[in-house]
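Down below is the structure, laid out as structure tokens.
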């Protein structure tokens with residue numbers, strides 16, 4: 001009966017046409033912009049090759065276990081990241097709503113795709129506009145690409161100088177205002193780029209996984225072709241191996257810096273797409289007997305290897321640029337947009353055939369952003385559709401709902417292509433998408449699965465579906481290691497909080513910081529809020545309500561077991577010497 005119900009639901013929701021499509025979509029989702037700029041930047045900033053030590057360790061004890069947990073959760077329940085908790089632990093459904101709030105903030109990253117498309121169009125000009133100062137938007141302080149070396153080695157002679165690449169980024173494309181208070185007008189060129197990005201996103205997902213899987217054949221594989229081309233070109237540049245040495249040279253003293261370990265965990269969450277619901281949704285379109293265990297190991301390995309190779313691509317080019325300018329690499333490299341839209345375009349402009357190499361880079365950037373974007377939108381649409389299956393799972397209604405979601409997001413994101421849009425983008429990126437939200441939701445998810453639903457039960461389900469029970473190592477990670485690391489990172493982030501500043505000089509007004517903290521806690525507050533509301537709205541004694549909300553109807557348990565669970569959790573916090581005696585006493589009482 002349960003198998004018949006599962007097949008009927010799969011027919012209504014849809015499934016992957018093949019295992020290859022699933023692998024490509026998930027790989028495209030987890031291999032994104034974070035691999036190209038964020039990992040290399042963190043690696044050189046925190047000890048070079050020494051950063052790989054905490055990164056690799058946390059991949060094993062945090063990244064892979066949580067990846068398997070979310071993927072298997074979706075595959076078992078065949079639900080989105082909200083309704084899946086009804087079959088696991090209804091009281092933890094607030095975790096799913098937290099993912100939904102994070103998803104709203106995550107969708108703003110499509111603006112990076114619009115930026116890359118803008119740069120791609122300008123890459124075909126006979127003279128790259130970020131290489132010279134002969135443009136209408138340049139100021140008297142502009143320094144052309146040929147004079148950047150003088151700018152960095154003799155700052156006293158150019159106290160207020162800015163590079164042509166920086167002025168193109170700030171004055172031509174972004175047209176930055178003086179602050180978030182001055183929103184200004186909309187850039188019609190970026191408006192067209194944003195519209196093209198959302199149109200492509202719509203036609204990638206309008207038929208659900210049937211269209212998503214087909215698009216991934218190109219968008220998930222071609223970036224690797226571009227990455228290989230850029231890698232070969234980068235390794236042949238003069239000064240490339242200086243950059244690679246800087247990238248890999250281990251500074252073991254940085255291992256004593258707690259921030260290195262925190263950033264390593266943050267990078268794993270960011271690049272593996274953990275704790276935002278995507279993996280649950282993508283896994284829910286699998287067949288029940290799909291080997292999610294093997295998929296997890298291979299995709300995680302692919303993601304980390306891509307990050308590592310991307311470091312060679314980036315730092316070989318930065319080494320070349322540093323040699324051209326006669327400076328050290330830490331001067332020319334920066335994180336985020338500074339690396340992708342300022343430093344790298346400068347470097348490609350110094351190469352022979354600069355238009356070709358610039359176009360390759362930004363085309364790769366667009367494809368990386370596309371995969372991440374349409375899987376984020378697909379997971380949002382799937383989850384909302386699963387909340388209202390009769391209304392939204394119908395064929396025509398589904399396409400209309402996708403269109404409404406894309407149109408509403410497009411209209412909202414127009415705000416980010418105004419003159420003050422970059423300030424709003426940084427505010428949402430720093431507060432709305434911060435790791436503290438993911439850490440809090442990870443704690444809720446692992447406690448619900450590891451302690452309430454039962455880590456052993458999930459391992460048995462995985463074993464039943466693939467024919468082999470995974471190692472007990474995953475049980476230990478789900479119950480102890482992952483929630484402990486998330487809690488530590490959550491506390492350290494709050495204790496080491498610093499206000500957001502732009503270019504080290506712009507300070508946001510107080511109301512913007514208040515708005516930022518509201519965004520930070522808007523996803524975390526859903527977990528306790530859901531618990532409080534449903535405990536208060538459910539009838540019966542407290543023990544009856546707790547039993548009803550913790551255990552799903554598919555897995556009924558004796559009422560005595562909830563008492564044993566509460567007592568057992570309390571005992572775990574007591575002295576170890578008392579644990580065995582009290583446990584025997586409780587066992588005798590239940591018998």
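Cβ coordinates are placed from backbone N, Cα and C, and glycine is handled just like the others.
Here is what TrEMBL says about this protein:
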| type | residues | note |
| --- | --- | --- |
| TRANSMEM | 21-40 | transmembrane segment |
| BINDING | 28, 31, 35, 271, 303, 368, 371 | Na(+) binding site |
| TRANSMEM | 46-69 | transmembrane segment |
| TRANSMEM | 104-122 | transmembrane segment |
| DISULFID | 133-142 | disulfide bond |
| TRANSMEM | 186-205 | transmembrane segment |
| TRANSMEM | 217-241 | transmembrane segment |
| TRANSMEM | 261-285 | transmembrane segment |
| TRANSMEM | 297-322 | transmembrane segment |
| TRANSMEM | 356-381 | transmembrane segment |
| TRANSMEM | 401-428 | transmembrane segment |
| TRANSMEM | 440-460 | transmembrane segment |
| TRANSMEM | 472-493 | transmembrane segment |
| TRANSMEM | 513-536 | transmembrane segment |
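Distribution of TrEMBL features across the structure.
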{"residue": "28", "record": "Na(+) binding site", "Cβ contacts under 8 Å, 6 or more apart": "216, 219, 220, 371, 372, 375"}
{"residue": "31", "record": "Na(+) binding site", "Cβ contacts under 8 Å, 6 or more apart": "220, 223, 271, 302, 303, 306, 368, 371"}
{"residue": "35", "record": "Na(+) binding site", "Cβ contacts under 8 Å, 6 or more apart": "271, 303, 306, 307, 310, 368"}
{"residue": "133", "record": "disulfide bond", "Cβ contacts under 8 Å, 6 or more apart": "142, 143, 144, 164, 167"}
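Same-chain residues lying 6 or more positions outside the transmembrane segment (261-285) and placing a CB less than 8 Å from one of its CB atoms are 13-16, 22, 25-26, 29-32, 34-35, 38-39, 42, 46, 51, 54-55, 58-59, 62-63, 66-67, 70-75, 77-81, 84, 96, 99-100, 102-103, 106, 209, 292, 300, 303, 307, 372, 375-376, 378-379, 382-383, 435, 438-439, 441-442, 445, 485, 489, 492-493.
Of the listed binding-site residues 271, 303, the Cβ environment within 10 Å is emptiest of other Cβ atoms at 271. In this chain, the transmembrane segment (21-40) touches the transmembrane segment (217-241); three or more CB pairs sit within less than 8 A of each other, excluding pairs fewer than 6 residues apart. Residues 27, 29, 30, 32, 33, 34, 223, 306, 372 surround the recorded Na(+) site, their Cβ atoms falling within 8 Å of the Cβ centroid of 28, 31, 35, 271, 303, 368, 371, which are themselves excluded. Where the transmembrane segment (46-69) meets the stretches 21-40, 401-428, 440-460, 472-493, 513-536, the count of C-beta pairs under 8 angstroms peaks at 472-493. Minimal Cβ crowding within 10 Å, among the recorded positions 142, 368, is found at 142. Here the transmembrane segment (104-122) has long-range neighbours at 33, 128-130, 173, 189-190, 193-194, 196-198, 201, 276, 337, 340-341, 345, 358-359, 362-363, 365-366, 369-370, 372-373, 376-377, 380, 409, 413, 416-417, 421, 425, 428-429, 432-433, 519, 523, meaning same-chain residues at least 6 beyond its ends whose C-beta is under 8 angstroms from one of its own. Same-chain neighbours of the transmembrane segment (21-40): 109, 112, 209, 212-214, 216-217, 219-221, 223, 247, 267, 270-273, 278-279, 282, 285-286, 290, 295, 298-299, 302-303, 306-308, 310-311, 313-315, 335-336, 339-340, 364-365, 368-369, 371-372, 375-376, counting only residues six or more beyond its ends whose CB sits under 8 Å from a CB of the stretch. Residues 105, 107-108, 110-111, 114, 174-177, 179-187, 190-191, 194-195, 198, 201-202, 205-206, 377, 380-381, 384-385, 392, 500, 502, 506, 508, 512, 515-516, 519 of the same chain, all 6+ positions outside the transmembrane segment (401-428), place their C-beta atoms under 8 angstroms from a C-beta of that stretch.
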